[in-house]
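The structure appears below as structure tokens.
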Amino acid sequence: MAAAATQGGRSGGLGGNSGAGGGSNCGTGSGRSGLLDKWKIDDKPVKIDKWDGSAVKNSLDDSAKKVLLEKYKYVENFGLIDGRLTICTISCFFAIVALIWDYMHPFPESKPVLALCVISYFVMMGILTIYTSYKEKSIFLVAHRKDPTGMDPDDIWQLSSSLKRFDDKYTLKLTFISGRTKQQREAEFTKSIAKFFDHSGTLVMDAYEPEISRLHDSLAVERKIK
């Protein structure tokens, strides 16, 4: 009984010391990890096949997008995506009309309508190619920063990226467009994907997030100076 009491007292003392140490660690670590905890992707590590270039690029793009939207609280604008969806919807409309018309009026009676729909479909595909090449480019995020006073138009932030096939160099570009002056500034980095993924293919946000924040902060500082 006495030995058990003594052992319990020691355990209690150790628990108290551990609690004090935990409080100290919390005080020093919360400043660094507090922001990261807010925008983990689904609170799970992002793990991909390192040899799948598309998966690598998509995971890096999604994580960069997550930082701007959740850390900096910007509002995503879906205008670019809506434009592409509109073009695709019109293209599908022509295809459906051709299908229904051919069913109701079998060939060759449906020939003029089929020809018109086929030509229209390929014209829309050409428009889509031009749209993605010159309008969308490689942009995967357009986000707005609301003016706190509500007096000036929104500032616009754009993220675009590239990763060539069979290459390990990933380029991320951040573009800032001032809502008030319409001036545009850019910052980018090119890094090996090996810097952001461990040996198992898990994205290391502690290595990736600072690179994105540096890009953002460099443009944000210029904005404040001007």
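Every residue, even glycine, has its Cβ placed from backbone N, Cα and C.
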**Message:** I'm validating the feature mapping. Which of 1-26, 27-52 is tagged region 'Disordered' in Swiss-Prot?
**Reply:** 1-26
**Prompt:** What's the CA to CA span in angstrom from LYS191 (N6-acetyllysine) over to LYS169 (N6-acetyllysine)?
**Reply:** 5
**Prompt:** Against which stretches of its own chain does the topological domain 'Lumenal' (108-111) lie, if we need a Cβ under 8 Å and a gap of at least six residues from its ends?
**Reply:** 98, 101-102
